[in-house]
Each structure stands twice: as structure tokens, then as C-alpha cells.
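As C-alpha cells, the structure follows; a few thoughts come after it.
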Amino acid sequence: MATPGALAKFRLPPLPTIGEIVKLFNLRAEKQLSQNFLLDLKLTDKIVRRAGNLQNAYVCEVGPGPGGITRSILNAGVEELLVVEKDTRFIPGLKMLNEASGGKVRTVHGDILTYRMDRAFPKHLIKSWDDEPPNVHIIGNLPFSVSTPLIIKWLEQVADRTGPFTYGRTQMTLTFQQEVAERLTASTKNKQRSRLSIMSQYLCNVKNCFTIPGRAFIPKPKVDVGVVHLTPFVQPKIEQPFKLVEKVVRCIFQFRRKYCHHGVSILFPEEIRIQLTEQMLRLADVDPTLRPTELTMTHFKKLCNVYREMCDQNPHLFSYNYREELRMKKLQGKSTEEEDDLLQ
């Protein structure tokens, strides 16, 4: 029978506080790296709890900085914690955490945008996509400057089942600038509904967990921060290639305040624009006077399916780029003022 001590929750031995580590290594948040430290362990514990049960889990933490969330992850009883940190100033403090945890922390000095996460963890953790999510998690207080390109990269990897999703439906618990968090989770008719809403919600169950006031960070950002949890679906809500979905959604939200037919129209070259726009909306059974924020996921699914059929019939259609057409018109002095604005 297990002793009470064996059941005790894992706790790090006494260490300098996060604030003391910041002073010890003379750490300052770098504005150009969009760094904001979260030093309140009650808040970092709350973030980690939203990731779910991390007992014996394998976790990748993005941008650990001075190690606030890192400590909370270790205290959750993980088997292994991989931290990917770009800033060399934080490496000594992270090594200190590794020693205190008995070697549970593996530190990689590198950029998460280029790090090969498909090689991050043991192969025995891989689960079938149809199974429950693997015991692998991504957690991070993301710098504002990389949060959007990073989540788009990961969403594409969800679609392709590559990168961290080689292991299965890996869950993500991440912080974003509050406005980005609201876009990720915005529903139909919400003013924050955007390209990011569709791209995340067609692939994942997305939850806006809670908001952290900006004053909790050092230095204090001008905005609050939202904690978002994403779990990939077994079956995406739109079953088309990621690049195709992204193109359709991007074009439609190019004119977010206008009727949706404006955005649909720029999927097609000028000489056949009117005809194919009418055809696509008719076949998808979408009201051309709906605005992008009013379109449901079902609308986008139908639009993507019809566009795929049109591209199959005309292989050159998918490679058409509206912005390239505008650039050529501008060079020839034939563009309108409105078209010039779109190139800004």
C-alpha cells in the first residue's frame, strides 16, 4: 500500500523566488521581443490548471522566461518538461529549475517558430487521431509579436497532422493579447469575428478560459491578456486543404464591413469575376448580402467546397492572386484609389 508521502503532490525544493531570479540574473523584459513577465504563482497555477490533468504528462512550454509558468507546470507532476527559449539571459535560471526538479526540465535555446516539435518527445506517446488526446501538451505565455503567426502555423500543422500533432490531438493552453483571444473564440455576428475565428474553430474546440489584467505582468502591457485552450477535433468542420480554406476565408474578410460577395469576388480574375462570383454564391446557397461576420461555419464549409470544385475544373484558378493583379494595374497606372488602399 502506498504511503501518504508517496501520494504527496510533487513540489520543488526551496528556490529563489521568481522576483529574486529576475534580480539575480539582472533580467529585464525586452520591448523588441514583446516580453511581459508573469510572476504571480497563483495566476500561473491557474493557467496550468486549465491545461487539464498533467500528472506524468510531457509538456512543451513556449517562451518560459524567468520560469513562473515553468514552476507551476513542474508542480503539476509532469514526467518531462521541454522549454524552448530564444533569449539566452533566461537559460541559467531554467537550468536551476532543472537541477531542483531532478532533471525533469529539458532546455532548448531556440526559436519556437523553427523548432522541430515532431521530434520533441518519445515515439511511444503517439496516439491515433481518433483516440483521446495524447499525454502531450503545449503551454505558453506567448509574446504578442509572435502569437498570431505561431498559432496559424500550429493550426496548419493540426490540419496536416504534423509538428506537435504528430503525436495526435495535442492540446494547447496559451496566452494572447485580449483582442486576439476574443477573435479566436468569436461566434457568428460577434464584432470580433475574423479570419482567425474561422481558421481556429474549423479545426479545434476553442475556449476563452479567463482574462488576466495587464497590471499582473511586468512590465505592464497596455492591454489585458486572455488564456485560450485549444483541442483539435477528430474531424475538421471543413474538409478541404488548409491553404484553400485560408485563401477563401482571407478573401472574404478582406472586406469585413461590406457584403460577402465583395470578398468572394476577389477569388477570381477580373475578366470572369462577376460570372464566377454569382456562380459560387448560388451553388453554395449563400446570401450575397450577408456580411462576413454573419457567415456561419456551415456557410464557409459550403463556400470552400464549391471553390474546390471550381478549382478542380480550372486548375489555374487556385494560383490566382488578387493582390498581384492590383500590383500590375498600379504599375500600369490603371488602379483605382480604393485598389491602391488594399495594397497598403
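Cβ coordinates come from backbone N, Cα and C, glycine included.
Here is what Swiss-Prot records for this protein:
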- 1-27: transit peptide (TRANSIT)
- N36, L38, G63, E85, K86, D111, I112, N141: S-adenosyl-L-methionine binding site (BINDING)
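Highest Cβ count within 10 Å among the binding-site residues N36, N141: N141.
Taking each Cβ in turn and tallying the other Cβ atoms within 10 Å, the top scorer among the binding-site residues E85, D111 is E85. Every protein chain shown contributes to the tally, and the Cβ of G63 (S-adenosyl-L-methionine binding site) ends up with 23 other Cβ atoms within 10 Å. Among the record's S-adenosyl-L-methionine binders, N36, L38, G63, E85, K86, D111, I112, N141, no two C-alpha atoms are more than 20 Å apart, and one pair sits at exactly that spread. Within the same chain, residues at least six positions away from I112 (S-adenosyl-L-methionine binding site) with a Cβ under 8 Å of its Cβ are V62, G63, V84, K86, G140, V146, L150. Counted over every protein chain shown, other Cβ atoms within 10 Å are most numerous around L38 among the binding-site residues L38, K86.
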